Amino acid sequence: MSSKEYHHPDVPDSPTHDSDSDLELDLQELDPVTSTRTPALSGTRRDRNTREERRGGHIPLRNLRMGGLRGLGKRNRGYGDLGRNRDTDSEDLQGLLHDGPALDGANRHSAGSFNSVDDDAPLLSGSRQQRRTSIEALNRVTGLGSHLRLPSFLSGVAEPQQQSGDAEVEEEEHDPASSRTISVGATQSARFPPNAVSNAKYTPWSFLPRTLYNEFSFFFNMYFLLVALSQVVPALRIGYLSTYIVPLVFVLSITLGKEAIDDISRRKRDSEANSEGYTVLCFDQPGLGNSERYHAKKLKSKENSKVQRKSLVEPDRLSDIQEEEDSAENHGRGGPTSTIKEVIRKSRDLKVGDVLKLGKDQRVPADVVILKSYSNESIAVPSGAEFHAEPETENLLVDPISDPAIDQRAATLTDSHESTSELGNTPSADGGGVGEAFIRTDQLDGETDWKLRLGSPLTQSLDSCEFVRLRVVAGKPDKKVNEFIGTVELLQKRTPGYDQYLSKASPLRNNVGRDSPPKQSNSAPLTIDNTAWANTVLASNCTTLAVIVYTGPQTRSALSTSASRSKTGLLEYEINSLTKILCALTATLSIVLVVLEGIEHVEGVKWYLKIMRFLVLFSTIVPISLRVNLDMGKSIYSRFIQRDQGIEGAVVRTSTIPEELGRIEYLLTDKTGTLTQNEMEMKKIHVGTVSYANEAMDEVASYIKQGYSIPVSADDSQPLTLITPSSTFVASTTVTATRTRREIGSRVRDVVLALALCHNVTPTFEEENGQTITSYQASSPDEIAIVKWTEAVGLRLTHRDRKGMTLQSVDTGRIIVRVRILEVFPFTSDGKRMGIIVQFLDGSETSTSTSIEAGEIWFYQKGADTVMTTIVAANDWLDEETANMAREGLRTLVVGRKRLSVQQYREFSTSYNQASVAINGRDAGMARTISHYLEHDLELLGVTGVEDKLQRDVKPSLELLRNAGIKIWMLTGDKVETARCVAVSAKLVARGQYIHTVAKLKRKDEAQDHLDFLRSKTDGCLLIDGESLSLFLTHFRTEFISLAVLLPAVVACRCSPTQKADIAKLIREYTKKRVCCIGDGGNDVSMIQAADVGVGIVGKEGRQASLAADFSIEQFCHLTKLLVWHGRNSYKRSAKLAQFVIHRGLIISVCQTMYSIAIKFEPEGLYKDWLMVGYATVYTMAPVFSLVLDKDVDENVANLYPELYKELTSGSSLSYRTFFVWVFVSIYQGGMIQGLSQILTSVEQVDFPKMVAVSFTVLVLNELCMVAFEITTWHPMMVVSLVGTLLLYLGSIPFLGGYFDLDFVLSVGFVWRVAAISAISLIPPYAGKLIRRTMKPPSYRKVQGI
């Protein structure tokens, strides 16, 4: 949307700040029909008229009205009463047109009255007539004022007003689908969302509804709710109501409590992130000016106010005119518009329009537009009003890009914005003040290269005190991190004599001084190069002033992040399915028993009531304690993870899914910061006949020391001697060296010099503890690594600006190379190379000499081997060496050079300049010129190999995970070449494995060809970029994913955060397998939340991924222990625990069935009240729950045989097969226990207590023995729980006289019956288990004996 629609010069841009701005007159009451259009129309007319009409100082409506009221004899009227009786009084207009009491005609000629008419009459009427200065004109307007209330746009409040202090204000909610206009440093008219980060799943209002819905969406919870509710009906009640209600409430309380604790901890972590402090510039009114003197004078005693005001205003009127004329002549170089103070605000308190002051390595808290950057080396950090003292701001609207030194490149500035040499990284180096800053975006888009960001020329050269005159128009919030369109507009400066109490956002203030039109356009476009998005980090050693344009949920990173969702483990769904089977079994059993009884139907008892009572009796088949045990087990697993010393710093943020860690089949990992440290290191250099790496780098340093030894002149008057590529200075130690060694030394010196010059790196210097620390900044960390390496071997870059570079000998500390930069050709993803033309100075030139003939001219170029092979001269070693380095996972760069004669350079320069100003085909024309004149027959100097340092133990970790059957996908926002190198170096791709690359795919037929090829090559690795991936997912979604999931490895580059999340969802939906996503940056949050299990790594730059993840770790290598050890144990333990709890409930239901059959199918309870509750709790719970401590193998074996993990993905630990095995065991044991108890005693009412005593005792002993049979590795707590429970049961028997026959319990008959029945129920299942283990031993048994 055009900025003109938002920025008519006189339309109010921001509400006033006055605490009494509600006194302004209401336009709606005056003319409700046209009120919405009047301000804009009026502004248009005023723009044409008032430039010539308006002269002098302007006095605000509020001040004038109050002055009029004071003079009208209403001194006893309070400030709050001023708005009353406005419809009947003429005070408002009299206050506008009079400075004092009701004056006669002569008094109306006072300067104050004159001023007010000139200011406000055109605003009121929009008339095109020339200014009237006669008494009749004034009387006519005064008469009009006695009948009308003036509209509020006279006071500059067409937009909703905001008031300072504690005054309440109604703000209009900003429509996020529309563009926004932002008043810099002022309160905004619209309300924008707060700048708060939130990873919480629930709000206080949504917690209960959402958690209860999630709980009762599981069948068995709903089942128990219905069973509990059925006990309210007297006809269905069996035993105590609390027997069924309490367990359900207990289960829900534990689950809801865990969710609440998890969410509260998320909120605490969010609060920490939102409390980070940032420096904000606050803009206040200037100190002491004419306006302040004028306002102060009004506060004098009122007795002599008439005479004093008149004598005061007249001189002020003249001074205002003089100052306005001076201001117009000097382009607004009067007093500053505002003064600045710095305050620290928390991240959550930042608002749209705030101006942030950011320093090196500081995270950007919101989406901002950069206004100004200045180097910390060259400019002392300004504060307060000193901001306007910079030397660059002589002309507020000067365009720094039109500097004569780079005027020839101005046309191609946009295309070459990554070239730091062209623009210079130190704004003060040559007075240009371009305002450059580098940012790291790896937390946003995963790219490792630093991005160059620029302040707009309009704002970079502007005094910071004048920022309040800026208006920024930005588009609607968007998730596209690489696009932005906006404009910035500079409003005209007010006069110093203007009233300080007007809102600084008022148009009446901003429009003062528009008597003379501006000499330059007061608006400039904004692009992505002028922005820094939230979660990026300021990388360069500079101070950056930036205005916030998007906050909180409207930032790019937040829009690319999906909302948190409640995750449910696969085990939960499996148990839910088994519960349905058990419920069906319960219903079937109930119906069968009623049908069998139907022949002897008892009158008066309905058949359906009997079915319902049987359902309640058999409700233990679906054990409610299952959820309690599993949830408590999850807490234990989480505690194990967090207390493991081997993965120190691990945090479980979602404690409901630890078992999922044992079921992972696909691992989607980020690259930057996850697999790599994003720290580059120069590892290898090859110069044709010899290769240097590791300790051999010392030999390179010795060559540099010898080759750059300059003889010291005894005559100080001699100019400094400098080295050029053709210099013949040779150290004495090389004279005796062999010819081959001299040649190698020469090649090494040439390639090191080339690497020291062919880059876009700028050195920065900081003082720390009295020492000067040198650091480097550039868009690519590769270049920084190379420049650091050249320093390590003897050539240090000490100075760099747009015009030249200086190199220093590390050994001697002397300047030995100085070059003038003639052209720079920045690196692009299409060209894959960068070049530079430099002129060497030999020390004889003067510093001001710019002659092309003054020194040697050389063209240096470095780039990827794929493009440089055709550019350099023919050779027989380049392809082989680059292939060798690529196999090592090194990022290769080929370096070449070419000497240019003065004539060649002039021809090139002429042709290049012509191509750079062409309207059509500019880029292609420039590329053709470079290719024709420069890029052929380059002398090949060498090949460099740079390593992106991997995180600790990444290689063995990936290998172990692959052996565990996990397919690994690497999803990154970085370049294709970078991703390929890391995939190879991290051993994600096996040595010699074929890598099929799909990049820049635009046509469907080409995509189909790639799919056909992949079908025949399913053992290779797929390397695909985001553009091609988008094409596949749009047109060949199913075909692509069906092939991709078969591949052992997939690498996707240039992926947006949304694409990462889409891939995770697609794999989940298509394969129905468990997907784990791991990342460390804000750009990984969507992917982490879309996965079944999200793992976040605490990164260097931020904790967004860690906060949003289910599990947080500190190193990628910790993931192997998290999955292979803790994940495997959690799943196997929960599977065993679930089956035992089902067995425990099923066996007691079988006993109940046997008893019901024996008493002629009557729905009477066998174990009532305490026996039912005690059996499920104190008599069996501790031993069964102690299974969470069981482990089949120790940690070393689990790591040594990751194939053990692979078994779990089939779900064999808890399957329909194992479930039905346990069902048959339960039926057998329940049948034996109850059947034999009834046979050996009696079911008659007299012997009922004896039968219950025998069967219940055998039931408890049977469960304890079954737990002991299932334990693989004994833990002390297991022994304690088993022995303790047995003693507890025996000790409680004397208190069970209401259920047992205690005399019978003490007899020998009780003992032998219990022993016999127990043996019959336990021995067959245990014997079957031993036979099965012998015939077909499980895998863990196979490896235990090794």
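Using the three backbone atoms N, Cα and C, a Cβ is placed for every residue, glycine included.
Please treat TrEMBL annotations as automatic predictions, because they have not gone through curation.
Copied from TrEMBL, the annotated features are:
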- 1-20: compositional bias 'Basic and acidic residues' (COMPBIAS)
- 1-130: region 'Disordered' (REGION)
- 44-56: compositional bias 'Basic and acidic residues' (COMPBIAS)
- 157-185: region 'Disordered' (REGION)
- 299-341: region 'Disordered' (REGION)
- 301-320: compositional bias 'Basic and acidic residues' (COMPBIAS)
- 413-436: region 'Disordered' (REGION)
- Asp670: active site, 4-aspartylphosphate intermediate (ACT_SITE)
- 1170-1189: transmembrane segment (TRANSMEM)
- 1219-1240: transmembrane segment (TRANSMEM)
- 1252-1271: transmembrane segment (TRANSMEM)
- 1278-1300: transmembrane segment (TRANSMEM)
- 1306-1327: transmembrane segment (TRANSMEM)
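When each of 1252-1271, 1278-1300, 1306-1327 is checked for Cβ pairs under 8 Å to the transmembrane segment (1219-1240), 1306-1327 comes out on top. Annotation: stretch 1306-1327 has the most Cβ pairs under 8 Å to the transmembrane segment (1252-1271), among 1170-1189, 1278-1300, 1306-1327. Counting same-chain residues at least six beyond the ends of the transmembrane segment (1278-1300), those with a Cβ under 8 angstroms from any Cβ of the stretch are 1167-1168, 1170-1171, 1174, 1178-1180, 1182-1183, 1185-1186, 1189-1190, 1249, 1252-1253, 1256-1257, 1260-1261, 1264, 1267-1268, 1271. Sequence-distant contacts of the transmembrane segment (1170-1189) (same chain, at least 6 residues past either end, Cβ-Cβ under 8 Å): 239, 243, 247, 620, 623, 625, 629, 632-633, 636-637, 1133-1134, 1136-1137, 1140-1141, 1144-1145, 1148, 1252, 1256, 1259-1260, 1263-1264, 1267, 1270-1271, 1275, 1277-1278, 1281-1282, 1284-1285, 1288-1289, 1292, 1296, 1299. A simple way to gauge crowding: the CB of the residue listed as 'active site, 4-aspartylphosphate intermediate' has 30 other CB atoms within 10 angstroms, across all the protein chains here.
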